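Features of the protein shown, as given by Swiss-Prot:
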- Asn39: N-linked glycosylation site (CARBOHYD)
- Asn46: N-linked glycosylation site (CARBOHYD)
- Asn153: N-linked glycosylation site (CARBOHYD)
- Asn186: N-linked glycosylation site (CARBOHYD)
- Asn282: N-linked glycosylation site (CARBOHYD)
- Asn342: GPI-anchor amidated asparagine (LIPID)
- 57-84: repeat 'LRR 1' (REPEAT)
- 121-146: repeat 'LRR 3' (REPEAT)
Amino acid sequence: MKLMLGLLLLPLTLVHASPATPEPCELDQDEESVRCYCNFSDPQPNWSSAFLCAGAEDVEFYGGGRSLEYLLKRVDTEANLGQYTDIIRSLPLKRLTVRSARVPTQILFGTLRVLGYSGLRELTLENLEVTGTALSPLLDATGPDLNTLSLRNVSWATTDTWLAELQQWLKPGLKVLSIAQAHSLNFSCKQVGVFPALATLDLSDNPELGEKGLISALCPHKFPTLQVLALRNAGMETTSGVCSALAAARVPLQALDLSHNSLRDTAGTPSCDWPSQLNSLNLSFTGLEHVPKGLPAKLSVLDLSYNRLDRKPRPEELPEVGSLSLTGNPFLHSESQSEAYNSGVVIATALSPGSAGLSGTLALLLGHRLFV
């Protein structure tokens, strides 16, 4: 995007606004970092204001829903960056957020090429419409070495190949991938490459995904190091259906978040083999009336809070669970919440003050101490 390319000091001719146009970019500094926020929703914004962000570690651009297609005539996305690479490397940029714009694929991927020379570690794209088809990367092209990539309400013209195309512009060290409100998660698995370092995948807030969609999204053998999977509000209906999808994907999962799904009874369904290392499961806010059958054998952390349980789980139902959260279930109203559970299981009946605002993924990573 022109505003991003401008930030990275590319040799572009920027559109200059009149002197009366207010500056769209502002700096905010504290003891920890320098942040820069730019609002380019004005009909004729001063794009050159983006240079103000050159000294910031945390940068956010808001496009106001405008289309950036006109920039295709002004920006050479394949320009030689040789004399600018050292300048780009010197920028302190670590986190970048881009919101609300209509962006041609060539501009987006050209920007990722520029960011490949920066120290960017976290990228968030939100409320974007990515238009047009993608070109193959140049032989010497490489994208940023991201640790975290977050996509929310991003639509792509290439509905089933967008992940594979985006993946070509990222270095292979991505550890956390979040995709929310996606328009398509039906990936072309033959084209998707392996994510060799991905440890956390968050597909929450995709209510149309469902268990069949999960099978399509979790391309087999593409996530060999996946440890945490978050599926909050993702249209899941049964724990057995999720188990089948995980078995097909062959992921070494350790923590699974199924909270905020309407789960139903799976009694009588065929047994399923969960990932052998799965030991943490979040089933809060799922409407359960009793403990589901066929839970992971090595489950040690279980969140059943804010369901419809009318009794305590029996010890034989959860033989390996050492940390159990039951906050907000009906049976607690008729019992003393301080009553000891004679099986020795540690029961959490209230959330810690600091945990309420944490994401489900982070809560799972922290194990039994925090739950959403």
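Each residue, glycine too, has its Cβ placed from N, Cα and C.
A gap of 15 Å separates the Cα atoms of Asn186 (N-linked glycosylation site) and Asn153 (N-linked glycosylation site). Cα to Cα, Asn46 (N-linked glycosylation site) and Asn39 (N-linked glycosylation site) are separated by 10 Å. Proximity of Asn153 (N-linked glycosylation site) to non-local residues of its own chain (separation of 6 or more, Cβ distance below 8 Å) is seen for Glu126, Asn127, Leu128, Ala180, Gln181, given in sequence order. Asn282 (N-linked glycosylation site) sits 38 Å from Asn39 (N-linked glycosylation site), taking the CA atoms of both as reference points. Minimal Cβ crowding within 10 Å, among the glycosylation sites Asn46, Asn282, is found at Asn46. In the structure shown, the C-beta of Asn39 has more C-beta neighbours within 10 angstroms than that of any other entry among the glycosylation sites Asn39, Asn186. On the 0 to 100 pLDDT scale, the repeat 'LRR 1' (57-84) averages 84 in this prediction.
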